[in-house]
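Working notes for the structure below.
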């Protein structure tokens, strides 16, 4: 575990009742945080709000119990808190100070919760939890598709399956993460994931892929094979030789032969791919929304307009109408985390998030180099996936957000796993 140096539990037979209780509470916090941030509870209304309130309460309770250790943890992960403090500071110049204050507090609490969970659980356990919880979400979405059991439409107006999520893109992106996590669990040794568990993962993967296909989420459909390639490359020592050969041949066909054939036939390869997944050259209006963001950034290039202020301040009402006309109806977002941050907090905010992402990649790459673990490899893949999807969606810049929760957990847990691995190597050399 990532936190074995801080919290030590005895064997199951001699674990004291109090320790079992806190282990259960921590597990509940992990499940609730992933479920609430992933959007799978959003259709339940008050349940979503109560889940976050419970996450806040449990986290503050647990931090109160280990406050000196948490201060040391926060000091070792300062990069996690730079962006939230910039967002809170934007209250001083925000066009909507109350919105910036509330949003900044939510973002800070989200990072605190994710930091505790990243410290408490190893990368492997986090990946297992994500795979299981999002597979359950896929199963419930398929159940709704088959039976209409829930009191809301199963499909969006655009035609894709949303299931228990608010939009088809949400379902698609969540099952994309689930599929990659399941692939990583398959690659892990049997001492980590048993053969029986891997058989159950076959069923989970089937449900996840079916949900992905029904969602018609273009971003997820295009990213799955690309990110799977990256995962297999990073774990090539654990990948069967025939799979490596098939992946190489497939890559040649996709990236070399297919574009050439399309060009000869008179098709533009990029337009052909976009049309195949139901998109156009504007990426369903996103490029028009980005033009609005560029206009705001040009007028406020240094500090931005304040965290979340654009979507509330009356002075931007005309520009908000322009974004809605272009397609920003289901969510108040520019559908690009970099533009969203530049509008809200300027270059400082973007540098802070870039630093967080860079720290995560550095820690995970160092852990992969030291241990060769699949958990580190899938951490890199998930981080890249979350960043890629955030360039086209409303993620990685606000509180209560799945991408932000995952990135912070990966960053913190990678550091703890590295410390554990180095300690184990040191004991081995001493022995």
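Cβ atoms are placed via backbone N, Cα and C, with glycine included.
So that you can see what the record holds, here are the features copied from TrEMBL:
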TRANSMEM  21-42  transmembrane segment
TRANSMEM  49-67  transmembrane segment
TRANSMEM  73-93  transmembrane segment
TRANSMEM  100-119  transmembrane segment
TRANSMEM  125-150  transmembrane segment
TRANSMEM  171-188  transmembrane segment
TRANSMEM  200-232  transmembrane segment
DOMAIN    204-353  domain 'O-antigen ligase-related'
TRANSMEM  244-267  transmembrane segment
TRANSMEM  337-357  transmembrane segment
TRANSMEM  364-389  transmembrane segment
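Stretch with the most C-beta contacts under 8 angstroms to the transmembrane segment (364-389), considering only 21-42, 73-93, 171-188, 337-357: 171-188. The stretches the transmembrane segment (200-232) and the transmembrane segment (337-357) are not in mutual contact, being linked by fewer than three Cβ pairs under 8 Å (pairs 6 or more apart in sequence).
Against the transmembrane segment (49-67), the recorded stretches 21-42, 73-93, 100-119, 171-188, 337-357 differ in Cβ pairs under 8 Å, and the greatest number is found for 21-42. A contact between the transmembrane segment (100-119) and the transmembrane segment (171-188) is absent, since fewer than 3 of their C-beta pairs, 6 or more residues apart, lie under 8 Å. The stretches the transmembrane segment (337-357) and the transmembrane segment (21-42) do not meet in space: the count of Cβ pairs below 8 angstroms, excluding pairs fewer than 6 apart in sequence, stays at fewer than three.
Averaged over the domain 'O-antigen ligase-related' (204-353), the predicted model reaches a pLDDT of 80.
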